[in-house]
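Have a look at the structure below, then the notes.
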Amino acid sequence: DGCGHTVLGPESGTLASINYPRTSPNSTVCEWEIRVKPGQRVQLKFGDFDIDGSDSCHSSYLRVHNGIGPNRTEIGKYCGFGFQMDGVIISKSNEITVQFMSGIHTSGRGFLAAYSTTDKSDLITCLDNASHFSEPEFNKYCPAGCVIPFADISGTIPHGYRDSSSLCMAGVHAGVVSNTLGGQINVVISKGIPYYEGSLANNVTSKVGPLSTSLFTFKTSGCYGTLGMESGVIPDSHITSSSILEWPNQTGQVNIWKPENARLKRIGPPWAAFISDEHQWLQIDLNKEKKITGIITTGSTLAEHYYYVSAYRILYSDDAQKWTVYREPGMGKDKIFQGNTELYQEVRNNFIPPIIARFFRINPLKWHQKIAMKVELLGCQFSLGRAPKITLPPPPQNKNDEKNADFMDDFIHSVKTSLQTDKTTFTPEIKNTTVTPSVTKDVALAAVLVPVLVMVFTTLILILVCAWHWRNRKKKTEGTYDLPYWDRAGWWKGMKQFFPTKAAEHEETPVRYSSSEIGHLRPREVSTMLQTESAEYAQPLVGGMVGTLHQRSTFKPEEGKEASYADLDPYNSPIQEVYHAYAEPLPVTGPEYATPIIMDMSSHPSTPLGAPSISTFKAAGNQAPPLVGTCNKLLSRTDSASSAQALYDIPKGQPGPGSADQLVYQVPQSVAHPTVSKDE
């Protein structure tokens with residue numbers, strides 16, 4: 001009466017004392033006889049050991065023997081609170097006996113241990129979690145029987161499990177190992193997430209968990225895609241059932257809960273059987289053989305109809321005539337799968353090993369009120385070939401032959417359900433890995449087309465890259481200071497100020513000055529050509545030598561020797577054009593127009609009054625027409641001798657001058673100047 005949680009599998013298992021992890025009762029005893037395949041040996045590993053050793057292992061202890069029965073030999077006798085067992089205990093044969101004795105005591109949790117064959121060198125117990133290992137990725141062997149009521153897990157696939165979760169129990173929940181068989185797990189550690197979801201899968205309930213520093217996931221075969229119930233890849237005609245529920249509602253309309261309604265997440269009523277008994281079934285035709293690794297079920301999903309299936313069997317067939325009930329290898333009875341506990345929650349069950357079949361049938365065994373459900377199948381395409389044909393012996397003639405026939409049936413089932421893929425990948429997200437069951441494309445053709453398309457796209461990319469590099473190199477060879485195309489418009493606009501205006505379309509208009517205005521300043525050669533293009537800085541009034549500048553001139557005077565008046569002849573000297581590289585910007589407080597340049601040319605002959613003129617200045621009263629000279633010659637103005645002030649246009653934005661005779665302005669830059677012929 002001292003036996004606690006116990007699962008003894010063919011290659012591994014788990015055993016614990018009664019009431020573990022609470023204090024075991026007084027005066028109890030339990031004995032486990034463990035046997036594995038001949039030729040193998042047994043290894044025993046303790047996950048926890050806490051037995052009262054106050055009487056030197058006299059009344060409370062754990063004893064391990066080689067062999068079973070009266071011929072067994074003792075390996076060791078153990079006791080003590082918090083006893084640490086280094087390594088494992090290994091038997092000398094394929095049989096081992098574990099005996100637990102609990103005497104009079106007041107404390108002590110007892111023990112929990114795991115066993116396996118000695119070829120499983122990386123055996124762990126059901127109490128190990130991810131925080132016990134520092135490697136970012138590792139492989140371990142989980143024993144059978146790790147679905148224990150005193151262990152917790154948080155999380156689900158594919159998001160991962162909290163690092164405090166039991167590794168083996170999480171492996172059962174994820175569907176990578178079987179609770180009745182155990183198995184190898186490949187664990188990957190990664191950064192934790194703020195919230196872990198809870199779910200029910202493979203008879204294991206995962207709880208909601210808070211933030212953790214790390215989490216772990218499992219590498220699997222990757223064969224967990226949906227097979228087409230939810231997506232509609234499986235047609236309605238391939239979903240059949242034993243019976244259909246039909247009933248009229250309050251308005252008299254007949255409701256039919258047909259088998260094609262049994263699609264997971266499909267809005268509306270589910271499939272429901274007309275009669276609720278253990279002979280009802282829902283059948284799905286996958287069109288061809290598939291590798292089926294799991295199933296997800298829900299109830300009716302209708303609040304007013306609280307129907308769901310709580311337990312069921314699975315049958316499968318290749319021809320829909322001969323059906324095989326799913327059993328786990330080594331088990332002599334049908335596997336009963338846990339279904340739903342309410343009508344909304346999705347419950348997942350995995351098949352280890354997977355089922356290879358075309359026809360799949362669900363046989364409800366327990367239900368709430370009525371048989372009603374929605375389902376989705378998980379798996380992938382099966383491309384490893386059919387199971388090998390097995391020659392059956394003749395019908396049995398006696399009782400011994402009947403036993404051989406039963407053994408042969410179990411062997412056929414084991415071969416049929418033991419084909420697996422050979423490589424593992426990361427667990428894909430189940431909801432986004434739908435596998436189309438009716439793919440008919442030739443694999444060989446795809447193997448040829450895919451590399452060809454890759455080569456074509458790669459060649460096109462290389463050609464574009466080479467063309468781009470060749471274009472850049474060509475630009476570099478054209479000139480060191482070549483500007484990019486997006487900046488050429490601004491560059492041309494800035495350079496146009498250094499060139500004369502178009503002479504073919506417009507000619508210069510001569511500028512006239514009075515003799516009295518010219519006599520005040522030292523003369524310099526002045527160009528009458530005016531720029532018409534705008535620039536970022538104010539442009540020079542004249543293109544040649546500039547005379548004395550006033551306080552607010554916008555132009556930088558030339559450096560060097562200044563030419564005297566005697567050296568210049570504005571009429572006979574050759575044209576010398578000197579262009580300034582830049583002009584200084586107008587001061588912020590300066591006037592709207594630049595200060596005009598006034599030159600004293602009183603010593604030159606005055607201009608006849610009869611010549612016509614086009615001037616850029618507005619004079620008060622009658623304007624005296626000036627002489628017209630060549631393009632770059634200065635002409636004198638022959639206004640009255642008493643007139644010493646030049647009159648100009650009224651500046652924009654001003655109401656008007658107080659006296660028109662006192663306004664002095666610059667020649668406007670934006671006015672085109674036509675050329676006027678000079679009268680000799």
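The backbone N, Cα and C atoms fix where each Cβ goes, glycine too.
What TrEMBL lists as disulfide bond is C3-C30.
Among the features that TrEMBL reports, domain 'CUB' is placed at 3-118.
Under the heading domain 'LCCL', TrEMBL lists 120-216.
The domain 'F5/8 type C' annotation in TrEMBL covers 223-380.
Sequence-remote contacts of a segment are chain residues at least 6 beyond its ends whose Cβ falls under 8 Å from one of its Cβ atoms, and for the transmembrane segment (443-468) they are 383. For 443-468, the entry in TrEMBL reads transmembrane segment.
Listed in sequence order, the residues of the same chain lying 6 or more apart from C30 (disulfide bond) and placing their CB within less than 8 Å of its CB are D1, G2, C3, G4, S17, I18, Q99, F100. Across the domain 'LCCL' (120-216), DSSP classifies residues as 11 helix, 38 strand, 48 coil.
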